[in-house]
Amino acid sequence: MKLLVAFALIASLGALAQAEEEYCHNSVVTACSSSTFSANSICNARFAGIEHVEPEVQAYINSQLTKSYEYLLLATHFNSYQKNRPGFQKLYQGLSDRSFEDSIALIKQITKRGGIVDFNSRHESAASVSTKSPTLEVDELHSLALALDNEKQLATGATHIHTRAIHATERDPEMAHYIEEEYLGKQAESVRKLSGYANDLAKLMKVPDPSLSIYLFDEYLQKQ
């Protein structure tokens, strides 16, 4: 009798498990067969707190693209025959390329997590606090100061995303780890480098005619 009861219990449990599996399968089929996926759909790559950091990441992408364009204009300015500063041109071209590559990497990251990058809507963040267009036809020292401000804004924006990811109502450790690994250290290094350049050049220009000092500093930048 006990053996029959055991067999019956095993059979009922097996039937229950099969029913649950079929329910899960049918739920996935039903959700994924829809032509439009809502935010609540189970057939997407969204998880954790992506909805809490997605607007900040979008704003940071916009900021990176804006800075890339500004650096490109600076590079073009110093590459003209009037300025003829190949060292400064190299510095700002490198920063422009880096910001553009960082924006592409962020687009890939946010879409990997199931997000959508929308360039038709404007998002504000700590990295895009200024709405004034800076004057980019500046001298060498002022260009370094402008670049330093830009890098500090980008560092602040990355820090804001990281803080949001770990302190939001629903945390997103994966996004926090990504920002920490790919942006925080890199932006800190960039701020340190540009602040050093600006201070060095400011000291070199404390002479009646700083043209030779600027020329030698530009030669130094070419070798970096």
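Glycine is no exception: its Cβ is also placed from the backbone N, Cα and C atoms.
Worth saying up front: this structure is predicted, and the values here are computed from it rather than measured.
Here's what TrEMBL has on this protein:
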BINDING   Glu151, Gln187  Fe cation binding site
DOMAIN    47-205  domain 'Ferritin-like diiron'
SIGNAL    1-19  signal peptide
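With a 10 A radius on its CB, Gln187 (Fe cation binding site) counts 21 other CB atoms from all the protein chains. Per-residue pLDDT, averaged across the domain 'Ferritin-like diiron' (47-205), gives 89.
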